[in-house]
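Engineer: Handing you a structure now.
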C-alpha cells in the first residue's frame, strides 16, 4: 500500500460519515473524571476528609489559594493537568509528523530532524543529545511501528471534557466543574446511554450535536475544568516576575531588562547593607558588631543565591548575541560561598571543632552561615592578637599586651621588629605572634578548608583554589604563567638573598652559617615579605644620604638655645602638631615646643596623594580622608582591624579607607596604594558600569593601580617635588643603586612570598597535603622559594600561615603577585607615553620616571579603570599597553643596574641554599605539645644543676598553666552556652 493511500485513508476516516474512534476513547475517560474527584474517592473511603487533617503548608513565596479551593483540590487539579495537558501537543506531533511522511513533503533523510523540529515547536522540548539523521527517534513510540493512528487520543482528550461538562449539567451540578461527581444520576446516565447506542449510525458531528447540543469539538470545557489552576498559576508567575510564558520569548531581552533593573537595584541595596555592617565590625570589633556583620553577610549571600538559582543559571547565556550581556552572566555564573545549601545538624557536626561540643547552636544555621562564622573567628583571632613584652613574658595581655600595630605613642610588634637588635628578642616576638594567632586558628582552619571546598563544589568546581582562579579566566594556565614569571625573577631574588645573608652574618655572628637559610625573624617584617629594614646594612653606598624620608616628614626646629643632649619621649610616628619634648643638659632640664609649621600630618599625606591623582586629570577623592566616614588613624580604646583597606558601598558616593596610618614613608606609599583602589571604584562607577562589572579586570589589576602610582611617588625626583628630599640631593649611579636596592627589598623579595601564600593554600584545598603536615608543608615552600627558616622549633600543631592577615581573612594572594608584575608593565608603557623613559637613552632610565602631571598617561589610566571587569583582562591590557600577557621583562629591566652590581659583589658560591633540612626544625609529634620547650629546657638544666629545684619550679609552672587552661575552657563553655550560634576556640575564652 502506497504512502499516499495511507494519507488518503487517514483523511477519509475523519471526513466520512462514521463517528470517529476518539469517541470510544473519550467515554471511559469521561467516567474517570468523575471517579477521580476527591469527593468520589472520599465516598469510597480511599482518602480522608481534608478538614480532619493538618492543612498542607504553603511553599514560601507562593500566593494565597483562592478561598473556595482547598490545598487538596489544588494539588488534585495540578496532578490532572500534568496528565491531560502535556499530552495534547504530543498527540498532534505524533500524527502531524506521519502526515508529512505520508504526503511526501519530507524525504527519509529528514525524518528524524523533522520529528524533533515538531517536538520543539509544539511541546517546547529538545533532545537531550544531538539528533542524528540516521536515527529514527519516532519509532521509540509503540504506535509508530504498530501503525496506529494517534489523533484519536487527541480527540478523546477534548471530547471527554465536553461529555463530562454536559453530564454534570444533566446532573444539576453547581460550582467548580472539577468537583462534579455524577455517580448515580439517571439523567446523566441516559445521555451517555443514548449516544453509545447509536454506534456508527451517525456522522460524528451529528452524534456530538445530539449529545451536547453543539457539533463542534471545543477546548472550552477543558479550560473551564482547569480554570482555578490556570488563574493560580498566573498569580504565581506574576509574583515571580515571570515574563516569559512559552518558548518563543526573547530570553536575551528579558535577561537584559532584569540585569539592568531588578538585579542592579537590589544587589546594590544588599551589597551596601552588608558592606556597612562589615565596616562597623572592622572599625569597632565587638561581639554585637560581629553578629550584625555575619547576619548582613548571610542576608546578602542568601539574595545572591536566590538570584543565582532563579535567574542567572536559568539562561543559556553562551548563546546570547550581546557580548556585554554574555560577559555579565559569565562573571556571575560562579557564585562562590553563597552557593552552599542548608545542612542538617549531623552534617555540621563533622565540620566544626568538637572539643567544646558547641554544635547544638548550629541547628538553624546554613553551610554559608557556618563558613561566615568560621571566617569571622579566624579574622577575630588575628585582629585582636597581642603578645607579652620580651622582658615580661607572663604579662596581663589586657593591660600590657602588645598589638601588631599600635596607636600613636603605643609600642607595637612592628616597632620591635624594625628597631630591636637583640636576636633573641626578635625570635621571641616572632614566635609569640604565631602563638597568639596561627596556633589558635588551627581547628577553625580545618573547618574553613572543608566548608570552602563545599562552596567550590556547589559551584561545579573541584576545590576552593579553583574558585579563586576563576576571575583570572585561565585557571591552570594562569598558575603556570605565575610560576614561569617567578622562575624568571628568582635569579635576582637569589642574589639579593645572598647579599643580605652576608650582611646579616656580620651582624649576628654565629647564629647561622654562610650557606644556611636565613632566620625569618631578622627582616624587620613579621612575615619576611619585605626587607626594607635591612636597607642600612645592604645599601650599596651606605655613606650617602638615606632614601627613607620619614625623618624629614617629622623634622622640627628648636628655638635658639644651647643643648648638650636631648632625650626624645614620644611616638616614633608623630601625628600631632604639638609634641612635648624633654631636653636634658648638665645644668637644666627643659620642656620645649618644637615648630611643626612645615610638618606632615596624616591628613596631609592623604591630600598629597589625592593631588597626585588629580594632576593626572583623574578624580578627586575627598571622602577617603573625611574622618567622619573613613578611619585613617587607630581610634583610642577600640579593637580594630588595622590592616589597610579601601571600601566602597555599592550605591552611594561613599568611599572610605580603613588604616592605622603613621607619619612615615612606608605609610605614605600605602596611602597612595589605597587611594588607587578608591580611584578605581570611582572610575568604573562613573563610567558607568553595572554592578556585575564593578570590579578590577582581574583582582591583580585593582592592586596594581596604587602601586603603579607609588613607582613614581617614591622616586627621588618626586620626593624633591613634594618637599621630602633636599633639593641638593644628587641623582647619580651610586644613589640610583641605593634607590634600586631599597625598592627591590619590597618588590623583588615579595614575589616568592606571594607565590608561597597561595601555593600552600592551593595544595591544602586540593587535598595534596595531610592535615598533620600542613605546617611542615608551609615551611617546605618557604625554604624552597624564599630561603628562610623559622628561628625556633615548630610543630605541626602550629599554623604559621595563619599569622598572616590574608590567611585569616580568606583573601587570595595571587592578586598581589600579579600586581607586582603588572605595575612594572604599566609603568614602562606610561613612562614611554610621558616621554620619561627611553631604553636607548641612559639619561632616561625606567626607575627615574615620574608620570606626575602627565595628562596623556592619566587618560590611559582612566580608560583602564573605567572598564572595570567589562572586558577580559588580556584584551584590556592589550588596548592599554599592547601586550596580552603578564611577563617579567619590565621588572627585570627596571632592576638591571642592581642585578649587574650584585654580580660584581658575589661569587657563585655565595648564592643559593639547601632547603632539605625542614625536618630538623620540627619537634617529633609526641613532643609537639604546648609544654614541649619547657620539658626540653628543663631536662637540659636538670643535667647541669639541682634536679629537685628545677623539677619543683617546672611542676608548679605546669600546674598553673593547666589550671589556667581549664579555667579558660570553663569560661569558653559558659560563654558559648550564653551566646547562641557562637563557635569558640577552647584556648581563647575571649571569643
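From the backbone N, Cα and C atoms, a Cβ is placed for every residue, glycine too.
Whatever TrEMBL says is automated annotation, not expert-curated.
Pasting the relevant annotations from TrEMBL:
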type	residues	note
ACT_SITE	143	active site, proton donor 1
ACT_SITE	674	active site, proton acceptor 2
ACT_SITE	674	active site, proton acceptor 1
ACT_SITE	806	active site, proton donor 1
ACT_SITE	806	active site, proton donor 2
BINDING	472, 815	chloride binding site
BINDING	673, 677, 703	Zn(2+) 1 binding site
BINDING	673, 677, 703	Zn(2+) 2 binding site
COMPBIAS	963-973	compositional bias 'Basic and acidic residues'
CARBOHYD	322	N-linked glycosylation site
CARBOHYD	391	N-linked glycosylation site
REGION	963-991	region 'Disordered'
TRANSMEM	933-955	transmembrane segment
Engineer: Relative to the mean position of the Cβ atoms of 673, 677, 703, the recorded Zn(2+) 2 site, which additional same-chain residues have Cβ within 8 Å?
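Structural biologist: Here the non-site neighbours turn out to be 646, 674, 676, 680, 702, 704, 705, 706, 707, 819.
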Engineer: Using a 10 Å cut-off on CB atoms, tell me which of the recorded positions 143, 673, 677, 806, 815 is the least crowded.
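Structural biologist: Across 143, 673, 677, 806, 815, these recorded positions, the one with fewest Cβ atoms within 10 Å is 143.
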Engineer: State the Cα to Cα distance, in Å, between residue 391 (N-linked glycosylation site) and residue 806 (active site, proton donor 1), rounded to an integer.
Structural biologist: 30
Engineer: What is the number of other Cβ atoms found within 10 Å of the Cβ of residue 322 (N-linked glycosylation site)?
Structural biologist: 13
Engineer: Starting from the Cβ of the residue listed as 'active site, proton acceptor 2', draw a 10 Å sphere and report how many other Cβ atoms land inside it.
Structural biologist: 26
Engineer: What is the interatomic distance between the Cα atoms of residue 806 (active site, proton donor 1) and the residue listed as 'active site, proton acceptor 2', given in whole Å?
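Structural biologist: Given the Cα positions, residue 806 (active site, proton donor 1) is 16 Å from the residue listed as 'active site, proton acceptor 2'.
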Engineer: Restricting to the chain of residue 472 (chloride binding site) and a gap of 6 or more, list residues whose Cβ falls under 8 Å of its Cβ, or answer none.
Structural biologist: 478, 698, 699, 700, 814, 818, 873
Engineer: Counting across all protein chains present, how many other Cβ atoms fall within 10 Å of the Cβ of residue 391 (N-linked glycosylation site)?
Structural biologist: 8
Engineer: Out of 143, 703, 815, the recorded positions in the record, which is closest to residue 674 (active site, proton acceptor 2) when you go by Cα distance?
Structural biologist: 703
Engineer: Compute the C-alpha separation of residue 677 (Zn(2+) 1 binding site) from residue 815 (chloride binding site), stating it in Å without decimals.
Structural biologist: 13
Engineer: Using Cα coordinates, what distance in whole Å links residue 815 (chloride binding site) and residue 673 (Zn(2+) 1 binding site)?
Structural biologist: 14
